[in-house]
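S.K.: Please find one structure pasted underneath; my questions will follow.
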Amino acid sequence: MSSGAPSGSSMSSTPGSPPPRAGGPNSVSFKDLCCLFCCPPFPSSIVSKLAFMPPEPSYTITEDNKLVLIEGRAAWPHQEVDMANCVEMRITRTRRRNRVACTMIRPLPNSHFTLLFSHGNAVDLGQMTSFLYGLGFHLNCNVFSYDYSGYGCSTGKPSEKNLYADITAAFELLKSEFGVPKEKIILYGQSIGTVPSVDLASREDLAALVLHSPLMSGMRVAFPGTTTTWCCDAFPSIEKVPRVKCPTLVIHGTDDEVIDFSHGVSIYERCPTSVEPLWVPGAGHNDVELHAAYLERLRSFIDMEASAIRVTAPITNATSTNSRTISNGTSS
């Protein structure tokens with residue numbers, strides 16, 4: 001293996017979403033669900049109790065913006081690579097006055113795109129750094145990521161409102177501090193990370209969007225078969241994705257035990273700029289990236305489809321993949 005390559009010939013599983021408690025959201029007790037969704041006027045704060053599971057911080061940040069992993073909580077297996085040479089840390093502040101920890105990972109020189117990665121609900125940046133380095137190496141992309149409020153070295157408490165403020169602050173830092181223009185930023189959201197990714201993509205014109213195991217909304221995860229977005233619903237990505245204007249790749253395992261496969265299909269169908277999706281037969285919520293098709297599809301998406309599709313007019317009823325208009329006047 002050439003110098004600087006991540007250890008191993010394939011991607012290791014992300015620690016992004018460890019097995020959920022009691023079998024995941026679909027097996028939460030009726031009492032828990034009543035407490036979760038039927039206690040206005042603060043449904044979003046109640047949702048947070050089940051949606052967010054921040055671990056004990058796995059890292060610290062030095063005064064000169066270096067990442068220090070805490071032994072026993074996170075590891076850097078790439079022995080041939082000096083982490084200090086390719087990983088930079090920053091702290092930014094959100095509009096809700098929380099401090100958010102961010103990392104810029106540069107596995108290779110002269111990468112064209114930067115992934116803005118939003119991780120799962122039970123990890124922090126320290127635990128994700130090794131995976132993000134490997135992902136960037138295999139895709140020839142820089143990777144910029146951040147911790148949600150209440151995770152890692154970020155202050156505050158995790159909540160839906162903070163999710164949106166966190167990604168906005170990270171996005172602004174990526175542009176201002178690192179000089180990355182919008183047209184070279186690819187959003188990548190995994191699991192709960194698809195929620196802020198869809199929100200930002202619905203407001204900004206970016207290079208592309210990757211949605212890995214997305215959810216339609218909180219109510220639809222907790223109550224399978226729900227077809228209406230209620231006023232108390234949290235994380236309503238299904239209502240925002242029709243406003244996305246950049247090429248969008250949806251990835252989902254057909255046997256996902258946490259966020260049902262139907263969520264990925266519905267997000268794909270509602271997005272006016274979705275490209276050929278990656279449905280991984282037999283994959284669950286935590287092992288999609290172990291399949292060879294994962295990296296293959298991401299490479300082709302980034303090399304051939306990122307920045308290629310643009311919606312020319314707002315989509316008012318994007319319910320079918322046959323109702324998409326793209327900039328060259330063709331349909332897909």
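Note that Cβ sites are derived from N, Cα and C of the backbone, with glycine treated the same way.
According to Swiss-Prot, the protein carries these features:
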ACT_SITE  S191  active site, charge relay system
ACT_SITE  D256  active site, charge relay system
ACT_SITE  H285  active site, charge relay system
COMPBIAS  1-15  compositional bias 'Low complexity'
REGION    1-24  region 'Disordered'
S.K.: List the Cα distance (Å, whole number) between H285 (active site, charge relay system) and D256 (active site, charge relay system).
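M.R.: Rounded to the nearest whole number, the Cα-Cα distance is 5 Å.
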S.K.: In whole Å, note down how far the CA of S191 (active site, charge relay system) lies from the CA of D256 (active site, charge relay system).
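M.R.: Per the Cα atoms, D256 (active site, charge relay system) and S191 (active site, charge relay system) stand 11 Å apart.
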S.K.: If you draw a 10 Å sphere on the Cβ of H285 (active site, charge relay system), how many other Cβ atoms land inside?
M.R.: 24
